[in-house]
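Chemist: Okay, here's the structure, questions in a sec.
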Amino acid sequence: MSAAPTSGPLTCRRAGPLRGAIEVPGDKSISHRSLLFGALSTGETRVTGLLDAEDVHSTRRAVEALGATVRDEGAEVVVTPPATLREPGDVIDCGNSGTSLRLLTGVLSGVPGLSVLTGDASLRRRPVRRVIDPLRVMGADLSARDGDRLPPVVVRGGPLRGARHLLPVASAQVKSALLLAGLFADGETAVVEPEKSRDHTERMLRGMGVPVRVSGLEVSVSAARPAGGRVDVPGDISSAAFFLCGAAALPGSEVTVRNLGVNETRTGLLDVLRAMGADVRLADLREVAGEPRADVTVRADRLEGTEIRGATIPRLIDELPAVMVMATQARGRTVIRDAKELRVKESDRLAAMGETLARAGARIELFEDGCAIDGPTPLRGVEVRTRLDHRIAMAMAVAQLFCGGEPVVLDDVACVATSFPGFFRLLDQVSGPASGGGAP
């Protein structure tokens, strides 16, 4: 079997069913935070299971630019913090990582000195005003391109004051940026969300000794420094989603993902799979370093359409491209609402998935905040413009399994390396191989 290309075009032509037991790479959200919180700490942080992908490499380079030392010791990555974070000597390039840029904006607001945060062409199109505006309420001196809407972001760090923030949209990145700024602020910083977003920041800061107060949808902190410690990163459910959704919809499939993070703020996908009729089983449920994990098995069954909205959306926002593919194979109508956040990801994922699935034969109607998909519908081969978005590329690679043997051609798969460099190899492992063209 020839290796799938790591950049350039790829022609996907696989056969199902999907069968096997796999492990997916470490959770991206937890990996970012492990490095960043380690750099903020008073002591050493040792991380196992850290995601080895471009987005996390961006955070690693950033914390090194701020004075932290990051070294590989066998299966562990060790973060040694500086006595105090220093002003970076150059622009910090966050690559494609919105998490890096937004969380660093919060941290650097309280670090004396001048910092400039930028990224690749995709990241420079992603909005930053919803981070900048609440940080300014805390006294942060920030500016950005296009009327403070878009990166690069210029941060002039200085004294901050605590504030109470009411977020209009649940966002773990915005919440985390404000809480991290709160670690440098005078007085209490509180964040209230309309729905609960992923809570890795709260769990990890608590695990490192920071008093984090949670009351319903409100989270608050005061000035503090984490103590460091040990972090064991579970598998990323957002990466597993492509295999779980494919297995649920493709007859004869059964896939087990071992050591998968099942934090309740991230398991909206499992709820949706069950609601649609998939056979979902969890084994060896345990908690390690404050994060629950399990071996998750999904077996194909006849799927029924469902409605996905409200508090479920923040719990599966990154999994929705895979869910949209699965919905094309479910009987009846699947409706997704309250997902406007999809329009400001690495691409406008609603528009991208809607347009691409429609060309592949799906019956799909787009709304400003979601879509409706009627099924089941046999799909056909299609050429896909990935738009530098890893989740579009991976979702459409799985969609090819429902194309009756016709190929799906991805125009450039380099973006997959931002979160899941081994994706195509693992997909080959549980299905049949792709035929491809591109860089080896």
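Here the Cβ of each residue, glycine as well, is placed from N, Cα and C on the backbone.
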Chemist: Which of these, Arg125, Arg126, Arg145, Arg203, does Swiss-Prot list as part of the phosphoenolpyruvate site with Lys28, Gly98, Gln173, Arg349, Arg391?
Modeler: Arg126
Chemist: Given the binding-site residues Lys28, Lys345, Arg349, Arg391, which one's Cβ is surrounded by the fewest other Cβ atoms within 10 Å?
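Modeler: With the binding-site residues Lys28, Lys345, Arg349, Arg391, fewest surrounding Cβ atoms within 10 Å: Lys345.
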Chemist: Out of the binding-site residues Arg33, Arg126, Lys345, give me the one sitting nearest to Asp318 (active site, proton acceptor) by CA distance.
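Modeler: Comparing Cα positions, the closest of these binding-site residues turns out to be Lys345.
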Chemist: In whole Å, note down how far the CA of Ser29 (3-phosphoshikimate binding site) lies from the CA of Arg391 (phosphoenolpyruvate binding site).
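Modeler: Given the Cα positions, Arg391 (phosphoenolpyruvate binding site) is 15 Å from Ser29 (3-phosphoshikimate binding site).
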